[in-house]
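Here the structure is laid out as structure tokens; the discussion comes afterwards.
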Amino acid sequence: MEMTREEWRDVLWLLSPWLIGGYLDFLFQGVLYCQFVNYHTYYKDDRCALKLVVYSLAVLTTLKSAQVFLLVWMQSVVYFTDIEGAIQLSYNAWWQVGNAVMVATIGVYVQAFFLHRLKVISGSWLVILPNATIFLLAYIAIILATYFNTARRLEHLARWFAIHFACTFVGDLLLASSTAYFLLRCSQNNGLKQNNTLINSLIRLTFQTCAPATLCAMFNLIFSQAYRGNDKLVSAAFNMALPKLYAISMMWTINARRSLRLVNSSRSISSREPRFVEELEDIQLDTSLSSIQIHTQIETIQHIDDHGDIYAVLKKKRARKKEITAPKQSLCVEVPEESESSSFKASPI
């Protein structure tokens, strides 16, 4: 069957973006499976709550890839000779009509994780309220856009899609900037060099992990406004890749704990005491912020206990005045007189 010029144009601009987006989805899902395997291998001792968050993300992204496979199969195989029927799937097939809501659901899931991390860093729920409001507005907007799409009220469709894409992009930028700001402020107020090194690493990690998803959201916004959805659907390719980029950024952040722990411990602790490398625990995520006071007898040595993390140190800095008057658990590093530089032991007080 030979296609007319109009049919070829429809295939190029209305159908191929879905196919390209499907390829990107499968590619990024492969990356995610590698990240999930790494997490399962190296973080068996994580809290049950964090394991549940990670494994739930694995289920969500797998289901999303199954939906994408169904979408591509129906559009490119079942409706291979029916171009108009394939185009109409965007308005009457649940797996294609609901794609935007599925994308936004995974996005909100990941954004909630990073909002929780920002709350732990800043120590205040008020800090995350602007971001939470923006993300909630974006989710409501995409639900309304999906409703108007199924109802064929296309005059309202572009407006709500624009609100959703704009709120998503602005929210991502604000979230990354807020996280970096509070980490930087803690770094400036912190007197321990090792803590500053960890915080600076976290600041770099914040922008590295948010960059792919934020850029994808930006292109999604640009192309959704540059072309009308009924003649050119370029933004569909970016929108289908977006949830997997969000998930990759979350898993990148979670799995980076191990590399950050090893890199930063090698700078501050001699390789002749490997047990202390293992005790630098949960640099980014642990929210069981136990009250630990750190004493050192050697200027270049710092020890964080197994139940603490760098965020615990940051929170302790904010509550230092209260800790002075309250009884605390602490760690003291004792140095034998005969060999201060080669060996030491930690004993509780």
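From the backbone N, Cα and C atoms, a Cβ is placed for every residue, glycine too.
All annotation found in TrEMBL is predicted automatically rather than curated by experts.
Listed in TrEMBL for this protein:
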DOMAIN    169-259  domain 'DUF6534'
TRANSMEM  20-40  transmembrane segment
TRANSMEM  52-73  transmembrane segment
TRANSMEM  93-114  transmembrane segment
TRANSMEM  126-148  transmembrane segment
TRANSMEM  160-184  transmembrane segment
TRANSMEM  205-227  transmembrane segment
TRANSMEM  233-254  transmembrane segment
What same-chain residues lie close to the transmembrane segment (93-114): Cβ under 8 Å, and 6 or more beyond its ends? 18, 53, 56-57, 60-61, 64, 67, 70-71, 74-75, 131, 135, 138-139, 142-143, 145-146, 149-150, 161, 164, 168, 171-172, 175, 179, 239-240, 242-243, 246-247, 249-250, 253
By DSSP assignment, list the helix, strand and coil residue numbers for the domain 'DUF6534' (169-259), in that order. 80 helix, 0 strand, 11 coil
